[in-house]
Amino acid sequence: MAFQGCDCFGLLVWLLLLQTRLGKARMVPGTPSLSPLPSENGLDDSGVNPQERPLTGMPETSLPRKPGDSTRPLDSMAFTPGQSFSTMSLSRQPFPTWVPPTSACGHRTARIVGGRPAPARKWPWQVSLQVHKQHICGGSLISKWWVITAAHCVYGHLDYAVFMGDADLWSKRPVRIPVQDIIVHQDFSMMRTVVHDIALVLLAFPVNYSVNIQPVCIPEKSFLVQPGTLCWVTGWGKVLEQGRSSRILQEIELNIIRHEKCNQILKDIMGNIFTLVQEGGVCGYNEKGGDACQGDSGGPLVCEFNKTWVQVGIVSWGLGCGRIGYPGVYTEVSYYRDWIIKELSRASCWKLSGFLVLSVCLVLHLAIVVAL
């Protein structure tokens with residue numbers, strides 16, 4: 001019996017050593033691209049259709065304010081930035097290694113009604129991050145397992161779920177998937193301005209793509225959307241600064257402003273000497289005053305390049321809602337591509353490591369039984 005126990009102990013040591021090596025693995029070099037990306041040459045302006053109902057304003061912010069400014073600080077966060085936490089103990093399906101969306105990302109199969117796409121299928125990557133079936137923030141689907149949103153949308157260990165597949169929040173037909181895990185950028189902060197406002201949401205089980213549900217493309221790190229490019233932001237946020245959130249998904253067309261110019265505009269408005277829009281941010285502006293508002297946070301800012309829709313930004317913050325001359329600020333997705341790949345790869349490694357720990361525990365249990 002001692003001899004048999006020794007064999008099991010040797011196997012246990014071998015598995016532990018293997019787990020340690022795999023736990024240190026970071027599969028970034030071998031991780032495939034998230035999606036085929038548009039080249040920087042030959043970018044054509046999107047032939048998008050006219051907006052249906054304009055959004056106004058931006059999410060709340062904790063930035064310093066001029067006297068009389070109606071912008072209110074965001075609610076305090078209740079999580080540790082940079083850490084992943086489980087919101088539900090779910091294991092309905094085995095977690096796969098990271099598999100990027102197919103080359104079909106960034107395309108939509110909208111029905112044409114009156115010469116333009118119907119809302120139900122116009123933005124198939126748009127999701128609603130919800131708690132107890134109440135809309136909290138927007139987000140966008142980047143693969144069958146993952147959603148991308150803003151870090152300031154995460155309030156702690158709540159029972160989050162993701163709503164997708166319909167433009168109507170009251171619809172009884174949508175897909176609603178519980179959230180298994182959320183990864184917040186480790187350097188997210190709202191101390192002086194909002195920085196690194198990005199988070200990844202892991203679904204409890206993979207979504208099935210359909211005409212109503214499709215992933216959006218994520219740009220390469222080197223991709224920079226040019227100033228003046230026409231893009232679209234979507235969400236279920238407020239349609240007026242002092243109004244209510246919308247039941248139907250809204251959209252508005254914006255012109256891109258690079259972070260350097262946007263920073264100067266906002267500094268001039270606020271009389272502030274601090275850098276408000278840092279590298280990793282990008283801005284959008286509509287001359288008529290429409291943009292995103294409270295409730296739109298975390299949602300996508302997308303642009304069409306070569307007939308493919310690419311997410312260039314995540315709704316982050318702004319001053320008030322729909323004010324003429326006030327651009328809205330977005331997290332620039334291309335700047336965080338390496339972080340996205342790293343975290344998705346790390347999640348895959350962690351799951352594999354967890355499987356090995358379970359295997360070791362089972363082997364140890366068998367060794368004890370044999371010894372007895």
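In case you wondered, yes, glycine gets a Cβ from its N, Cα and C as well.
Positions annotated as signal peptide by Swiss-Prot: 1-25.
Here Swiss-Prot flags 26-351 as topological domain 'Extracellular'.
Taken from Swiss-Prot, the feature region 'Disordered' applies to 31-72.
Annotated disulfide bond per Swiss-Prot: C137-C153 (among others), in sequence order, evidence recorded as sequence analysis. Taking all protein chains in view, 25 other C-beta atoms sit within 10 angstroms of the C-beta of C153 (disulfide bond). C153 (disulfide bond) carries a helical DSSP state (H, G or I).
According to Swiss-Prot, the feature active site, charge relay system maps to H152 (among others), an assignment based on similarity to another entry.
As annotated by Swiss-Prot, active site, charge relay system applies to D197 (among others). Long-range neighbours of D197 (active site, charge relay system) (same chain, six or more residues apart, CB within less than 8 Å of its CB): A150, A151, H152, H185, F188, I314, S316, W317, T331.
Annotated disulfide bond per Swiss-Prot: C231-C303 (among others), in sequence order, evidence recorded as sequence analysis. Taken residue by residue with DSSP, C231 (disulfide bond) is part of a strand.
Positions annotated as disulfide bond by Swiss-Prot: C262-C283 (among others). DSSP gives C262 (disulfide bond) a helix state. Other C-beta atoms found within 10 angstroms of the C-beta of C262 (disulfide bond) number 23, with every protein chain shown included.
In this view, C293 (disulfide bond) is surrounded by 29 other Cβ atoms within 10 Å of its Cβ, with every protein chain counted. Marked as disulfide bond by Swiss-Prot: C293-C321 (among others).
Marked as active site, charge relay system by Swiss-Prot: S297 (among others). In the shown protein chains, 30 other C-beta atoms lie within 10 A of the C-beta of S297 (active site, charge relay system).
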What is the total of other Cβ atoms whose distance to the Cβ of H152 (active site, charge relay system) is within 10 Å?
25
Three-class DSSP secondary structure - D197 (active site, charge relay system):
coil
Just how many other Cβ atoms lie inside 10 Å of the Cβ on C303 (disulfide bond)?
24
Can you name the residues of this chain that are 6 or more positions from C137 (disulfide bond) yet have a C-beta less than 8 Å from its C-beta?
S128, L129, T149, A150, C153, G295, D296, S297, G298, G299
Coarse DSSP state, helix versus strand versus coil, of C303 (disulfide bond):
strand
Among C262, C283, C293, C321, which are recorded as disulfide-bonded residues, the nearest neighbour of C303 (disulfide bond) by Cα:
C283
